Amino acid sequence: MENTTQEMELQIRVEKKELNSQSRMPSTATTQQRLPTYKDYMWWFRVSLYIVSLLAGQSAATLLGRLYYDKGGNSKWMATFVQSAGFPVLLPILLYVQLSKSSSNNAPPKHPSISTFLLLFLFFGLLLAGDNLMYSYGLLYLPVSTYSLVCATQLAFNALFSFVLNSQKFTPYIFNSLVLLTVSASLLAVHPDSDSTTKISKGKYIIGFLCTVGASATYSLFLSLLELTFKKVIKRETFDAVLLMQIYPSFVATCACVVGLFASGEWKTLPSEMKEYEKGRVSYVMTLFWTAVSWQISSVGLLGLISEVSSLFSNVISTISLPAIPILAVIFFHDKMDGVKVISLILAIWGFLSYVYQHYLDDVNAKSRTSMSNEEASGSFLGTS
């Protein structure tokens, strides 16, 4: 009888040791959690799509805006108007997304109150209109080199606002990315070929400089506040939420631009401006139309990156277009390509990869912490049993 009892106790000890050794080994579920899932792939697909939209839209809009000024356009309010007036092209997409969600069996998400949405749309719309107007003044009164150099400061402003408002942590890779992208834009900005030959007065130069600095700071504040709104107020990061925060503020900004266009009296000069445009009336209208569409594509990519990643990341991506635009200018406007522009592009790509690698490290660390917590929970459960 005693031998039987001892054998049973020995068998129980062996089984406990086997269970403990198995608990220390990663389970099949834990191993699967370390592998990319369908949700991970879809996230990377959305981020990639937003990046392409932002870079393509911003580059095309900037080139078309330069074409507008170079060929005879001179209206500051019209240049501001087209930056937000293209929002109707997004309405069919918003309608399709909302109809698809209503036809599904999922419970509708909770929305903020209508008054909250109205205040958000009004605030961001007016902020967007003011920011676009300051950029228009800066582009009109500053040489291209000075304008690009001052615009590069938006990364520094955005880093500050992200640190204060969004609790953005600074790592060596993020700092390296910011430095490289700022140097890339600055290197291109001081390039002699980018200097404008247009003579401007000292007073207009000061106005253009102050407006560009103010626009860079306002734009960075705009991005950080949008990220904060997505996380604290809207509390959802869906595509229809991105479209809503693009369409309605753009509508408010467009209305503000129409008021400014008539209040300033610039609407009276538009017929003569169209008539004297070097490429003709049709080219004048098409330039403005596709500039408006390009800005909307860029804005959707920008807001998508804010909702999926962060405002700092979206600003880093948008800064890549500063050295990328001269490459496109070589293709479409036959500009001269030299070593300075090549180095600027390499630095921009390096900075972009540095930030992406930091995000990859954050993702790996998050998955590793999740796996360790699952293993500890499994081990404690087996130990108590």
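Note: Cβ is positioned from N, Cα and C throughout, glycine not excepted.
What TrEMBL says about a protein is an automatic prediction, not a curated fact.
Taken from TrEMBL, the feature transmembrane segment applies to 43-65 (among others). Outside the transmembrane segment (43-65), and at least 6 residues removed from its termini, the chain residues within Cβ reach (under 8 Å) are 79, 83, 139, 287, 290-291, 294-302, 304-305, 308-309, 314, 317-318, 320-321, 324-325, 328-329, 332-333.
What TrEMBL records for 77-99 (among others) is transmembrane segment.
TrEMBL lists 111-128 (among others) with the feature transmembrane segment.
The transmembrane segment annotation in TrEMBL covers 140-161 (among others).
Residues or ranges marked as transmembrane segment by TrEMBL: 173-191 (among others).
The transmembrane segment annotation in TrEMBL covers 203-222 (among others).
Marked as transmembrane segment by TrEMBL: 242-263 (among others). Within the chain carrying the transmembrane segment (242-263), a Cβ under 8 angstroms from the stretch's Cβ atoms is held by residues 75, 77-78, 80-81, 83-87, 90-91, 93-94, 97, 117, 120-122, 124-126, 128-129, 132-133, 226, 229-230, 234, 296, 299-300, 303-304, 307, all 6 or more beyond its ends.
If you look up TrEMBL, you'll see 284-306 (among others) marked as transmembrane segment.
Among the features that TrEMBL reports, transmembrane segment is placed at 312-333 (among others).
According to TrEMBL, the feature transmembrane segment maps to 340-357 (among others).
The stretch from 77-99, 111-128, 203-222 that makes the most Cβ contacts under 8 Å with the transmembrane segment (284-306) is 77-99. When Cβ-Cβ distances below 8 Å are used as the criterion, the transmembrane segment (203-222) is approached by residues 124, 127-128, 130-131, 134-135, 137-138, 140-142, 146-147, 150-151, 153-155, 157-158, 160-161, 311, 315 of the same chain, each at least six residues removed from its ends.
Distant neighbours of the transmembrane segment (77-99): 61, 65, 68-69, 128-129, 132-133, 135-136, 139-140, 239-240, 243-244, 246-247, 250-251, 253-254, 257-258, 260-261, 264, 266, 270, 288, 291-296, 300; these residues of the same chain sit at least 6 beyond its ends, with a Cβ under 8 Å from one of its Cβ atoms.
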